[in-house]
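Contents: one structure, followed by commentary.
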Amino acid sequence: MAAPPRYLPLLLGRFLVSGEIHRGPDHLRKIIPLLPSHPHLAAALSSLYFPLFPSSAAFLHNLLIRASAASPSPRLSFAAFSCLLRSGYLPDNFTFPQLAKSASRLPSFPRTGAQVHAQAARRGFLADIFVVNSLLAMYAAFRDTASMWGVFDSCAEVADVVSWNTVIAGYVKCGEIGNARRVFDEMPERNGVSWSAMVGAYAGAGELDVARDMFDRMPAVGRNVVTWNSMVTGFARHGLLPLARKMFDEMPLKNLVSWNAMIRGYMVNGEMDGARQLFDVMPEKDVVSWTCMISGYAQAGRYAETLELFRSMQSKSSIRPNEVTMVSVLSACAHLTALEEGRWVHTFINKHKMILDNEFNLSAALIDMYAKCGRTDMAVKIFHSLDQKNVSAWNALITGLAVNGDALQCIDVFEQMKRSGGNPNDITLVSVLTACAHAGLVDEGRQCFQIMASAFGVQPELKHYGCMVDLLGRAGLLDEAEELIRSMPMAPDVKVLGALLGASRMHKRFDVAERVQGGIFNLNTKQPGCHVLLSDIYAAAGKWADALEARGFLQRHNIRKLPASSSSMQ
C-alpha cells in the first residue's frame, strides 16, 4: 500500500464501508506502517479491530509497535503494547526488541525503559538473545552503563558476539574506555566490529599510540574500512595531519566516509587549500562533502569562497544542500552584507520547506543575515513567525537590533525574552550591554550588569566588563569605570583598557589616560590602536615628548599602524 499518510483516513473509511476490514487482517497489515502519523486512528483501530482477528492479534500489534518505533511518534509503541495487554493477548519475543528501540528514542524517560526490562523479565524473555541485545542497546542509549552491565552479567549464558560488542560500544559512548577494554580482553571471540570499536575509542580519545598498536595487532581479515577511517579521523582531529594523510593514502579501499573524514581533517586544522585539492579529485561527493567544504570556508572567514562553492554546488551537482549547508551560506551572506544573495537563500529555504526552528539554528542564521544587512524589519518578521524560539533565535534578534543602533527595541525584545521564560546567556547580555552603551542608557546597563549572576546565573566575564567600561566611559563616568576595573576578579585585557582609553580621549581626561598607559604597557600588547590613541591624547594635551614616545613604541616593536587609525600626527 503506497498511499500517503494524509489519505489514510479516507482509505480506512472505504475499507469500513465496504466491509473488507471484517474479512481478514490482510488490509490491516498493509496500512499499519502508516498509522503512526495518525495516533488517534491507531488507538481506535487497535482497540476496535485487532480483537476481530485473535490469531493475528500479537502479530498486528507488533507491526504497529515496530512502525511506531521507527516513526516520529515512538510513544505510540507503548499505547499499542497496553492495548495488546488489555485485549487479553500475550506479547511474544518480537514485541520487546521494538519496545526497547522505542524506549531508547526517549532518553529523557529512562523509567519507560526500565518498565520494558521488567516486563520482559517477568514474562521470561531474558533467555531470548534478541531481547537481551535490544535491552543492552537501550541502556547504552540511556548512557546507563550500570544497568547495561547488569543485564549482560545476568544473561551471560545466552550472550553472543553482538552482546559483547554492544556492551563495548556502550562503554565507549560513555567515555569508559577502561571498562570497554576490560570487556574486549575477556571476549571469547572477537570480530572486526570488536576491534574497530576499540581502535575508534582510543583514536577518538587521543591515545593514538594505543590505537595504532591495536590497529597493527588486529587480524587483517578484521581490518576494514571503518577501522582505517577511525585512524584517519583520530590523527587528523589531534593535529597529526601528515600521519592522517599517510594512513588515508595507504588505505586499500576507500569509501565516501574516508574522503569526507580526510577533508574534515584538513578543515579542522585550518588547511582549507589542502581540503579543496582533495575535494576536487573526489570520485563522488555527497551533501556531507559539499557542506564540510562550505562550512570550512565560512569558519575560516573566506566568505567569498563560501558563496562561490555554494553556487558551484547548485550548478554542477544534483545534490540538494541541507540545513547545515544553508547556515554556513547565510553566515557568509551576513559577513559580506550580500543581501540579494541572502534573499535568494531565504527563497530556497522556503521553496524546499526547510525547518527553521530546529537544532541547526537556521532561523537564527536568517535573522542574523537580515540584521547584518540592515534589514531589521525582516529579522523581526522571521523571528515572530517561529513556532518555537530558542536562545539562538532570541540572541540573533537582540544582537541584530543592538548592532543596528535600535537600543530601545533591543531592550524591549530582551524583556519579552524574560517574560516568555527564555534563559538569557552570556551572548544575550553582551548584546544588551552593547545596546545600552551606544544609546547612553546607563541606569539600564547598570541594572542588567548587577543582576547577571543572581537573575540569569551568568557570571560576568571580561567581555561583560568591557561593555560596562565602554558604557560608563561614553557617558563620561570615567572614575566609576576605573573603579569597576579595579574591582574585577580577573586582570583587564587590552579591550577593557582600550575602552577606557578611548573614553579618556573623548572626554579629554589626560589623568586617566596616564594611569591606563601603565596597564597597557604591562600587557606588552602589540595592538597599534591603543598606542596611537595614547599618542593622540598626549598630543592634544601638548605633551609632545610623550606623544613621540608612544609612537616610538610602535617603531621599536615593528608594529604597523592600521590604515584606518586616525591621528593628528601624520
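Heads up, the Cβ atoms here are built off N, Cα and C, so glycines get one too.
Now, the feature entries from TrEMBL:
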REPEAT    160-194  repeat 'PPR'
REPEAT    224-254  repeat 'PPR'
REPEAT    255-289  repeat 'PPR'
REPEAT    390-424  repeat 'PPR'
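Note on the repeat 'PPR' (255-289): residues 225, 228-229, 232-233, 235-237, 239, 241, 244-245, 248, 295-297, 299-300, 302, 317, 319-322, 325 of its chain, located 6 or more positions outside it, place their CB under 8 angstroms from a CB of the stretch.
Across the repeat 'PPR' (160-194), DSSP assigns 26 helix, 0 strand, 9 coil. According to DSSP, the secondary structure content of the repeat 'PPR' (224-254) in residues is 23 helix, 0 strand, 8 coil. Remark: secondary structure over the repeat 'PPR' (390-424) totals 26 helix, 0 strand, 9 coil, with classes taken from DSSP.
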